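Colleague: Per Swiss-Prot, the features are:
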BINDING   298, 303, 483, 487, 619  Mn(2+) binding site
DOMAIN    55-619  domain 'Lipoxygenase'
CARBOHYD  32  N-linked glycosylation site
CARBOHYD  42  N-linked glycosylation site
CARBOHYD  62  N-linked glycosylation site
CARBOHYD  86  N-linked glycosylation site
CARBOHYD  164  N-linked glycosylation site
CARBOHYD  229  N-linked glycosylation site
CARBOHYD  515  N-linked glycosylation site
CARBOHYD  549  N-linked glycosylation site
SIGNAL    1-16  signal peptide
């Protein structure tokens with residue numbers, strides 16, 4: 001007597017269990033373009049060979065085989081050591097290894113195609129730079145992007161990034177868009193000032209004092225001082241900047257006030273340091289720290305935290321469980337990124353070390369140091385996070401007039417939540433009691449809070465539909481939204497655009513403002529290294545998700561989920577697709593207003609366009 005257990009596209013694993021006919025298929029993964037279905041496509045025809053009708057444990061007529069399946073997974077899918085630093089466990093054991101290898105194969109197929117595009121584009125751009133006579137000024141960096149990267153980055157870089165690169169407003173608003181995870185508002189009584197700024201300078205810039213701004217809840221900080229003791233690679237340099245921002249009481253704009261380097265002479269720069277382009281250099285130094293933060297932060301949040309919650313579910317829930325099937329869809333190819341990252345990106349001498357200032361061990365250090373905080377599940381809920389940092393609904397300071405990350409993100413979360421609520425209500429027949437009595441669901445929660453070691457997970461028992469809705473909504477936010485704010489196409493289109501966002505500095509941090517060379521070219525990558533930087537970041541982009549309907553808009557449109565979950569699921573998916581389509585149309589239509597601004601910024605930010613970003617953890 002045998003059961004054929006299909007684990008998300010692997011060859012069948014035949015194991016001896018007490019059943020002769022029970023077949024399990026985790027069929028929700030998008031291993032090909034048919035895994036997502038546009039609204040116009042017919043999904044009511046012939047069922048796939050391994051059609052699964054997803055059922056709760058209490059509704060399954062073959063509980064013996066279901067229990068045997070879970071026992072098999074617990075014996076062969078283990079908690080292995082973390083990869084890319086000390087974060088969450090990574091799948092181990094025979095089944096864990098097989099799942100990861102399967103995901104790596106899928107990931108590498110897309111990566112090879114995208115890399116070839118990037119290399120082809122890079123050759124054309126290098127020729128353009130040669131024809132220009134090199135990159136001989138800051139403005140020349142526009143040549144790096146003009147008429148280039150059309151194959152690998154068809155969406156182009158964010159409009160305004162090249163044209164307005166010297167803008168202080170652009171610099172400050174990037175903290176509220178391209179990397180919103182480092183910023184916090186300083187509480188007037190609970191947070192001390194991170195450093196002092198010359199009184200006369202503050203008065204000239206703000207017409208008030210640092211103390212008054214602090215007391216009014218108008219001061220914000222972005223702190224990368226943790227990088228001060230990081231080892232740098234030979235002939236690469238970086239500061240460890242802490243930046244102060246303020247909400248101007250006159251213009252109501254969010255603006256930069258000062259940047260402190262925290263290394264060497266520990267200079268503090270302000271917008272009044274215009275001689276020798278010192279202030280521009282200070283912004284470049286901060287952006288260099290910030291680009292490192294965004295790229296490595298995203299290893300822990302969302303990758304590591306989403307993986308461990310899903311791994312706990314795999315070990316405790318049947319593949320026939322509708323909740324696990326939904327998570328399987330969200331975690332498409334997820335277990336490729338960390339092992340491949342170790343092998344080709346963060347390895348000694350690998351792509352990261354070829355471009356960034358820090359070696360592999362500093363990457364691992366950042367992940368290990370940050371994960372106890374970034375890996376907290378409930379603290380990472382979108383609204384919980386931004387409120388904890390005083391960026392939304394702070395009772396000790398005025399509201400930010402624009403917060404593009406939250407404006408876009410909260411709309412997506414609400415659409416996701418509406419779908420998930422419909423799914424949970426239909427699955428549990430609108431009964432909290434059924435949620436509480438779902439043995440596999442409760443086992444998952446106990447596993448996450450126990451052996452899996454998930455920090456700050458929902459405590460058990462998980463006894464209401466609404467709490468389950470929040471967990472699944474956050475899972476979808478992590479894989480289909482939060483990831484793409486920091487990675488995917490965002491670095492090549494905004495957070496890594498040169499000359500303001502180099503992956504490394506190529507001259508030492510100044511020990512005196514008088515020593516800065518005004519053209520700043522010595523601090524920036526050479527023409528070839530600039531092409532290398534853009535090439536690397538372009539390889540993170542995934543434009544093919546648009547024609548294959550693997551975008552966020554089609555997150556829940558896997559044929560097997562549509563067929564295996566009933567009519568209520570199909571109707572909810574149709575509403576989801578329409579709502580995300582409307583948001584996508586609005587994001588694509590963004591233009592500058594009569595002040596040259598979009599969402600209060602002098603560049604157009606489209607990182608959370610649900611019609612353009614993957615529904616999954618792509619890179």
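Yeah, the Cβs are placed from backbone N, Cα and C, and that goes for glycine too.
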Colleague: Taking only the Cα atoms, work out how far residue 86 (N-linked glycosylation site) lies from residue 303 (Mn(2+) binding site), in Å, as a whole number.
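Modeller: That comes out at 13 Å between the alpha carbons.
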Colleague: Long-range neighbours only, meaning 6 or more apart in sequence with Cβ under 8 Å: which ones does residue 164 (N-linked glycosylation site) have?
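Modeller: In sequence order, the residues whose Cβ lies under 8 Å from that of residue 164 (N-linked glycosylation site) (at least 6 apart) are 170, 596, 602, 603.
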Colleague: What Cα-Cα separation, expressed in whole Å, is found between residue 483 (Mn(2+) binding site) and residue 62 (N-linked glycosylation site)?
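Modeller: Between the Cα atoms of residue 483 (Mn(2+) binding site) and residue 62 (N-linked glycosylation site), the distance comes to 38 Å.
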Colleague: Rounded to a whole angstrom, what is the C-alpha distance between residue 298 (Mn(2+) binding site) and residue 515 (N-linked glycosylation site)?
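Modeller: It is 36 Å, counting Cα to Cα.
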Colleague: Find, for the listed recorded positions 62, 229, 619, the residue with the lowest Cβ contact count at a 10 Å cut-off, counting only other Cβ atoms.
Modeller: 229
Colleague: Comparing the recorded positions 86, 487, 515, 549, which residue's C-beta has the most other C-beta atoms within 10 angstroms in this structure?
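Modeller: For the recorded positions 86, 487, 515, 549, the Cβ with the most other Cβ atoms within 10 Å is 487.
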Colleague: Please tell me which one of the glycosylation sites listed here (62, 229, 515) sits closest to residue 487 (Mn(2+) binding site), measuring Cα to Cα?
Modeller: 229
Colleague: For residue 62 (N-linked glycosylation site), which DSSP three-state class applies?
Modeller: coil
Colleague: Could you tell me the C-alpha distance between residue 619 (Mn(2+) binding site) and residue 229 (N-linked glycosylation site) in angstrom, no decimals?
Modeller: 28
Colleague: Measuring Cα to Cα, tell me the gap between residue 515 (N-linked glycosylation site) and residue 62 (N-linked glycosylation site) in whole angstrom.
Modeller: 76
Colleague: Would you kindly give the Cα-Cα distance separating residue 303 (Mn(2+) binding site) and residue 229 (N-linked glycosylation site), rounded to the nearest Å?
Modeller: 26
Colleague: Give me the CA-CA distance between residue 549 (N-linked glycosylation site) and residue 62 (N-linked glycosylation site), in Å, as a whole number.
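Modeller: On Cα coordinates alone, these residues lie 35 Å apart.
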Colleague: Note down the number of other Cβ atoms within 10 Å of the Cβ of residue 303 (Mn(2+) binding site), including every protein chain shown.
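Modeller: So the number of other Cβ atoms within 10 Å of residue 303 (Mn(2+) binding site) is 26.
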Colleague: What is the interatomic distance between the Cα atoms of residue 62 (N-linked glycosylation site) and residue 303 (Mn(2+) binding site), given in whole Å?
Modeller: 35
Colleague: Can you tell me how many other Cβ atoms are located within 10 Å of the Cβ belonging to residue 483 (Mn(2+) binding site)?
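Modeller: I count 24 other Cβ atoms within 10 Å of it.
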